[in-house]
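Record features, source TrEMBL:
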BINDING   ASP66, ASP111, ASP246  Mg(2+) 3 binding site
BINDING   ASP66, THR80, ASP111  Mg(2+) 4 binding site
BINDING   ASP82, ASP159  Mg(2+) 1 binding site
BINDING   ASP82, ASP111  Mg(2+) 2 binding site
BINDING   HIS89, GLU299, TRP347  substrate binding site
BINDING   GLY158, ASP159, ARG184, SER248  ATP binding site
BINDING   ASP249  Mg(2+) 5 binding site
COMPBIAS  8-32  compositional bias 'Low complexity'
DOMAIN    64-174  domain 'PurM-like N-terminal'
REGION    1-36  region 'Disordered'
REGION    323-355  region 'Disordered'
Amino acid sequence: MASTPARSSTPGSARTGAAASGPAGRGSARPGQGETLGATGEFAVIDAVTAGRMQPVSTLLGPGDDAAVVRTSDGRVVSTVDMAVEGVHFRTDWSEGEQIGRRAALAAMADVAAMGARPTALLVALGAPPQTPVSLVRQIGDGLHAAAAEAGAGVVGGDLTSALAISIAVTVLGDLDGREPVLRSGAKPGDLIAVCGRIGWAAAGFTVLSRGFRSPAQAVAAFRVPEPPLAAGPVAAAAGATAMVDVSDGLLADLGHIAAASGVSMSVLTAALQVPPRLAEVASALGKDPMSWLLTGGEDHALAATFPSGTEPPEGWTPIGTVGPAPGQSEPAVTVDGAEYEGPAGWDHFPRAGE
């Protein structure tokens, strides 16, 4: 599905810095239950979402000014931005506000983890229609703050504007703690391919919800709120990972990114990808192949990495294949059990004609 591009119906938008000390007479009233954004005003909404939030010690200055100030011990800052759009990444009739906020934060923080860094600060830009309930925005904020806090980070600022659909852009800053970043371009022939975190479950949950069901709960919960192994990224970096990627579009698609950046081929063995019994049951009930969920399902935000040949991956990482030399001109960069995979390798927001 696709959503309509956002459009502002006001002269500007409000940064969270303006919320705490906005113009006199604005932002002082707390929105009541059932009120909408349009009836409340942007400054009061921002204040309701940001007031009283705890910040980590790395935050020198949080919401309340034009920009935040964050301490970094490394001197280098890993940064990424990730968007979640209503009708594309989530639906408000499928997920509660807190789940939407958690999902947006976790998806963005997984990108920082894939670089071998730990998240330290989040900046959130939220667009929403004027008729959106303030309570929903507050719940989204609750989810964003909770996910950040659990990762040792904080939401230090952001922006609010009107839009035709709810959209959340999350910028994450990360600290390498003295390590080198793990790039997609470092894989070498002979390296081991390994995965950490669950894969396939979010695709199963999406299929369940798309069919109009709300159970099994485990699959639905996996789609609503992913469980990226954020701490595993820095651990893999310290263990010598040569390349790493966040599995957001599908395992094969994201391994393809490493293959392209490193100039190598990737060979995945399905025998190493054990289908959980419960996932197999869900697939059987829906008439789906569970292995296709593991290979091409996105939105789980697991981590895939390569490690030097002969090394043991850290605890929690499962070896699933090996890295080979660059493929020939007509050869696939990623193979499954020695052959090219039939069908899409994963999600693409803008697929080319015929794909």
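For all residues, glycine too, the Cβ spot is worked out from N, Cα and C.
Those TrEMBL annotations? Automatic predictions, nothing curated.
Annotated features taken from TrEMBL, shown on the structure.
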| residue | record | Cβ contacts under 8 Å, 6 or more apart |
| --- | --- | --- |
| THR80 | Mg(2+) 4 binding site | ALA108, ASP111, VAL112, MET115, THR171, VAL172, GLY174 |
| ASP82 | Mg(2+) 1 binding site | ALA104, ALA107, ALA108, ASP111, ALA169, VAL170, VAL172 |
| HIS89 | substrate binding site | MET83, ARG103, ALA104, GLU299 |
| ARG184 | ATP binding site | ALA243, MET244, VAL245, HIS257, ILE258, ALA261, SER262 |
| ASP246 | Mg(2+) 3 binding site | ALA110, ASP111, ALA113, ALA114, PRO228, ASP254, HIS301, ALA302, LEU303 |
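Looking at ASP249 (Mg(2+) 5 binding site) and GLY158 (ATP binding site), their Cα atoms lie 26 Å from each other. For the domain 'PurM-like N-terminal' (64-174), the DSSP-based tally of helix, strand and coil residues reads 34 helix, 42 strand, 35 coil. Note: the CA-CA distance between ASP159 (Mg(2+) 1 binding site) and SER248 (ATP binding site) rounds to 25 Å. In the three-state DSSP scheme, ARG184 (ATP binding site) falls into the helix class. Spread of the ATP binding residues is 31 Å (greatest Cα-Cα distance among GLY158, ASP159, ARG184, SER248). Cβ neighbour count for ASP249 (Mg(2+) 5 binding site) (all protein chains, 10 Å cutoff from its Cβ): 21.
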